[in-house]
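First comes the structure, then the notes that go with it.
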Amino acid sequence: MHIAVLAGDGIGQEIMVEAVRVLEALDLPGLRLDHADVGGVAYRKHGHPLPPETLDLAKTADAVLFGAVGDPELDGLRRELRVESAILGLRKELQLFANLRPANAFAGLENLSGLKPEIASAIDLLIVRELTGDVYFGEKGQRQTEDGLRQGYDVMAYDESEIARIAHVAFKAAQGRKGKLCSVDKANVLQTSVLWRAVVEEVAAEYPDVELSHMYVDNAAMQLVRNPGQFDVIVTGNLFGDILSDQASMCVGSIGLLASASLGEGTKGQYEPIHGSAPDIAGQGIANPMAMILSAAMMLRHSFADETNAQRIEKAVSTVLADGVLGHDLGGSASTSAIGDAVVAAVQK
Ligand SMILES: NC(=O)c1ccc[n+]([C@@H]2O[C@H](COP(=O)([O-])OP(=O)(O)OC[C@H]3O[C@@H](n4cnc5c(N)ncnc54)[C@H](O)[C@@H]3O)[C@@H](O)[C@H]2O)c1
Ligand SMILES: CC(C)[C@H](C(=O)O)[C@@H](O)C(=O)O
Ligand SMILES: [Mg+2]
């Protein structure tokens, strides 16, 4: 069980400490944790946000546990050196095209999102976000128009194989859940989405037991707030999935609660919270480590087929939240380490 631990920047460092403590508390046989620099930390030390030794470790390890990258002081760097390029580079290099972002209600947090409690408590959804295509990886740049104006561009493109493989992941996920899949696109405007919808329909023929629907992304954003309980699995492109998952996190209570798994064809995966380095609270010991801890649970499930320990972590997190050990993001006063202490104690019970 060889894990590359890439804590990264800002609160990435703080929340990773707690996730590692939880993993160590499980007494996993053969657990080997190798740390490496990524993001702004790596740029400052090695001159690159994704140094070759970090990429090598990520490639040789069985799984990658990733904190967050993002350093406002380095925002002016050119594109290839921007610290966010580290996370995009890892996803692309490891061919992790499927990003699973589950959002489910936690007992005790029903009043926190501002949604009516009966609406908030019905949330149990999975966003399947395509992760290696779309505007993120299309041709991009800045140029001058014929009129001498500066113009920025990012090409949105998906080919049918990219759409089909993420659709298969989503249909299979739906089969293991409530059997409902909603494909989210913007097919009333975008040609990318017209093809997306057509390919998802074709793939659907192989999954007659899954009920497929389609929704435009603007409506989906609204429905996530109006009635999130209507969703089981959502499949969508890279950009829409990025935005909708942040939104879903707040329906649950906080972005500090949502974990993710980035997967490819094999068992190798990268596991990371959906949030970033949170420079506004970094260094204060108040970041919520739950998303990071739950990412470690997803790692045990998807890369090591260890459902027992994955559930041990998830149950511990639910218990700690239900007991009212809440971070500042949830209106409580528990510090990052106090939350970690509580989860460690709960997994050992
Ligand atoms: N996976 C990643 O590494 C990742 C993801 C998103 C953003 N980023 C980067 O992070 C930097 C900051 O971006 P941003 O501010 O837009 O998004 P962010 O997710 O870092 O923070 C958004 C807000 O949520 C709060 N927040 C986030 N995680 C929290 C946690 N665990 N506990 C409590 N509060 C939390 C922050 O304090 C902030 O107010 C940028 O450089 C961005 O590019 C990285
Ligand atoms: C940091 C950024 C590149 C990243 C993304 O947009 O994918 C982040 O927002 C995420 O959600 O993982
Ligand atoms: Mg995001």
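Even glycines carry a Cβ here, placed using N, Cα and C.
The substrate binding site annotation in TrEMBL covers R91, R101, R129, D218. Marked as Mg(2+) binding site by TrEMBL: D218, D242, D246. Residues or ranges marked as NAD(+) binding site by TrEMBL: G276, S277, A278, P279, D280, I281, A282, G283, Q284, G285, I286, A287, N288. According to TrEMBL, the domain 'Isopropylmalate dehydrogenase-like' annotation covers 2-343. As annotated by TrEMBL, site 'Important for catalysis' applies to Y136, K186.
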Whole-number Å value for how far I286 (NAD(+) binding site) lies from R91 (substrate binding site) (Cα to Cα): 28
Winner by Cβ contact number (other Cβ atoms within 10 Å) across the binding-site residues D218, D242, D246, D280: D242
Spatially closest candidate among D218, D242, D280, I286, the listed binding-site residues, to Y136 (site 'Important for catalysis') (Cα to Cα): D242
Distance [Cα-Cα, Å, rounded] between D242 (Mg(2+) binding site) and N288 (NAD(+) binding site): 20
Entries of R129, D242, A282, Q284 (binding-site residues) sitting next to ligand 3, with Cβ under 6 Å as the cut-off: D242
Distance-selected recorded positions near ligand 1 (C-beta under 6 Å), from R101, K186, D218, A278, N288: A278, N288
Euclidean distance between Cα atoms of I286 (NAD(+) binding site) and D218 (substrate binding site), Å: 33
